[in-house]
């Protein structure tokens, strides 16, 4: 008996031994291994540990299964550990963990399975890493997460569905990145989100389409972004109450900019470049507007806004900067008769404002333009200019030349702008981009040529701009893709050629664009895609072909695209879909859009090869009466079957059972027979007469026993709730 007691005592001691150089508090089940030189996760940490603090060590890599020996952990601190990589399955086995802090490491990429196994995690802190890319699906296993902190990373863009799986997330923190491009579905499937922080980024326009998916968010932080203008109905967020647009570059706000955000109560516009505001139509719930730090011109031009403040009982904070007699006066102290224009000079013509004398040492800026030294921005928007102005400050990062009439961009049009990152030439009647037009723009990343008259491009036009990554040529006059034009752009990531008149994609059209990841060709007249047309762009992730004239899926052209994750074929007149049409991209495809095509028949084997990787499938507004077996689509988060006239007979029973098991709202209704027309497929009683009814239906009575694919998104892609 004594030997047994000794063995038991030794066993307890072994179970609670504390690895050097750690400190263990066995009573509270805490272990601290702070600021040491640990190169690997200790494997002798007590099994019953609940809180583990490993800050300040030197792990570099968190290997798969690193914490399998401590399955009871609820809190894990890994800040400042020089972590560069999280291997797939690094946290597997930590099903009880609710808090994970990985701040201030060197992580650059989040893989799809990096965070697998954290089903109970509520807070994930990734602040202060070097994350440049998040693979869609990286957060797919974090169904309990409420706070995600991605501040101070190196994110430039957010692809569609990047946050899929975060069904209960309430606060998403993306401040202090370099975000410039947001996919229109970037925030899809975040039904519980209440607060979104996008301040201190590089957003040049309010990302209204992406934000419209957040109909439950109440606070939005967009301060410290180079946004110059808020357009009509730019923000459609039904529950938004607090909007921060402070320290941006705002020069104007449309009267109905917030008309589609009826719950807005507080609007922060501090430290912008606003000389005034119009009455804000539709913002009936607004209680406070902050305008401190703006150069407000308290003339008669501000009276309509001032009167609206009184009528709407909105509190306004701000003070006049001009005229001199009113300088420093608060807005709420002004009387309408004081706000006069009679003694003021009439406002100058936008094309030629009076040139102000420069003080010694002041920065250069072309006549008629505005240069902001704080933001490194230059703007000559809508100045009726016919030639591109010169003499901008050499450290200009963003140059806005929209809505002028240049007609052509000559060689060496932008001398001395080696630091320019973003160039806006939208709506400038440009018909020619001459060879060498961009010469010297060594840092240029973003080029916007939307709404011009370009019908051709030569590769020499891009000479001298090797860093160009985002090229927007939407709404021009191209009848074909300018073949070979992109061979001098090895870093091109995103190419927009939407709403042109392109009739086909031919072999060689995309030669040289080997790094292209997103290709937007919606709204053209494409009837044919040559089998080798997409061969040069093997890294392509997103291909948007909606609204063209394709009559079949371009299967042959999809070969050789191993990374393609999104394919949009919506609004093409494809009536029939044959066997294996998506086989070339079956191993990578995650989002498939086949809606509004008039699709009449889908072969039983059309989806061969597709399966668990598919996250969203859009089939709404078509004409088929049945769809193939999709029982292996186990990863679906969005499935839209609205406005499809299903024939509800016994042949549809497998589909009906599968839809019920998904636990998704899919909107499927019966189109026939007559006595079932309009009924939801889930509820139609016609199936109860089918042979085999009763097998498997027992589980429907207790849906909690089925594994839910996901909670439904509040809105589908079109903004309508599925029936």
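Every residue gets a Cβ built from N, Cα and C, even glycine.
Pulled from TrEMBL:
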type: COMPBIAS; residues: 329-341; note: compositional bias 'Basic and acidic residues'
type: COMPBIAS; residues: 345-354; note: compositional bias 'Pro residues'
type: COMPBIAS; residues: 712-723; note: compositional bias 'Basic residues'
type: DOMAIN; residues: 17-51; note: domain 'LRRNT'
type: DOMAIN; residues: 364-398; note: domain 'LRRNT'
type: REGION; residues: 326-365; note: region 'Disordered'
type: REGION; residues: 696-723; note: region 'Disordered'
type: SIGNAL; residues: 1-15; note: signal peptide
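Listed by sequence, the residues of this chain that lie at least six past the ends of the compositional bias 'Basic and acidic residues' (329-341) yet keep a Cβ under 8 A from its Cβ atoms are 291, 296, 298-303, 306-307, 309, 315-320. Across the domain 'LRRNT' (17-51), the model assigns an average pLDDT of 89. Note: the domain 'LRRNT' (364-398) comprises 0 helix, 7 strand, 28 coil (DSSP; helix = H, G, I, strand = E, B).
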